[in-house]
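This report concerns only the one structure given below.
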């Protein structure tokens, strides 16, 4: 094999099995996908050690993808429960799963996940560092941070969040212009603490070339983390966030020089009216690299309903050009999500992604909606259930009611507009 990464293969005009599979899934020409990979506008996360992977691509002109977060923690360390979530996420057509495990047998869980998942798998190595190394944060050396990155890569992880964009200069800016909610990124806060305690630069920024060498060796896509993402709408689009974004743009070019694929992570909490501008800024400053957003959550008042605030922002962001949505569940800001929380979050994210694909004018995006509308016009309930994004819920709601007329529902009964027009 005379290439190390999908990007290198694309630049050399080599058609890889992963490219062919991804192009077939998307219904696009292989050449289009290949050119997008070579230009950095598309990423195809595919670690050569992830043997169960069914490759999928993220980026310009492709369907908006969704990611599901899960993993074990100190308070919730039940691996069996998290594996049930994995199975449910795959059943519900998640495109990617991020293992955010930060305590316990993290490598055991990660390997089990990689063994069964056809979806791409992402991790955040800095989360795992203290548990894996069994050391206090400030005592971890640069070499040990890199060791954890390489362990994740060797295990088969397809993409990794690396918070390389937050620097000591960013901390100085944060002191000069304080935020309402400071740093809310877990990885960002860990690195801020490490930098302050050791009076040193962010190790992932200072030793970025070493990170790139690891990513290149295993073809791990670099998901450049937004340590300065706003944790409240009050802090959105501030200097701290934008300073980091400029740094991420510079790091993107350095990664591409080594043929390492890149995704850029984005906000966060953000008012509706700022979302489109932020997407345009990211595409401009980060050279059209795929954009991966957490939400954005368009309001801060809805604990228990943040899958809704997130879906609103995600639909707007993706319609404006974001490529990858991280789901948010009703449990956001409250607890580790349950299986039921996860399912609600997935449906909300999938609706947002699909709505955005229609707005983007992707070929075939509205065909699903046409089929559903046709079934409704014909009062074809069975087809409606099969076409629903959540068939189980649609069937349950219908079964819980007893309409007077079998082909109507309990909302309108004999006054059903479609039924009456059909019978004219």
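Each residue, glycine too, has its Cβ placed from N, Cα and C.
The substrate binding site annotation in Swiss-Prot covers 69, 98, 127, 163, 185, 186, 187, 226, 227, 228, 229, 265, 292, and the record cites sequence analysis as its basis. For residue 185 (substrate binding site), the number of other Cβ atoms no farther than 10 Å from its own Cβ, over all displayed protein chains, is 23. Secondary structure at residue 185 (substrate binding site), as computed by DSSP, is coil.
The Cβ neighbour count for residue 333 (Zn(2+) binding site), using a 10 Å radius over every protein chain in view, is 14. Positions annotated as Zn(2+) binding site by Swiss-Prot, on the basis of sequence analysis: 269, 333.
The Cβ of residue 416 ([4Fe-4S] cluster binding site) lies under 8 Å from the Cβ of 379, 405, 407, 408, 409, each on the same chain and at least six residues away in sequence. Under the heading [4Fe-4S] cluster binding site, Swiss-Prot lists 409, 412, 416.
Listed in sequence order, the binding-site residues near residue 229 (substrate binding site) (C-alpha within 10 Å of its C-alpha) are 269, out of 269, 333, 412. Figure note: comparing Cβ neighbours within 10 Å for the binding-site residues 227, 409, 412, the maximum is reached by 227. Comment: substrate site residues 69, 98, 127, 163, 185, 186, 187, 226, 227, 228, 229, 265, 292; largest CA to CA distance 20 Å, whole number. In this structure, residue 127 (substrate binding site) is part of a helix by DSSP.
The shortest Cα-Cα distance from residue 69 (substrate binding site) to any of the binding-site residues (269, 333, 412) is found for 333.
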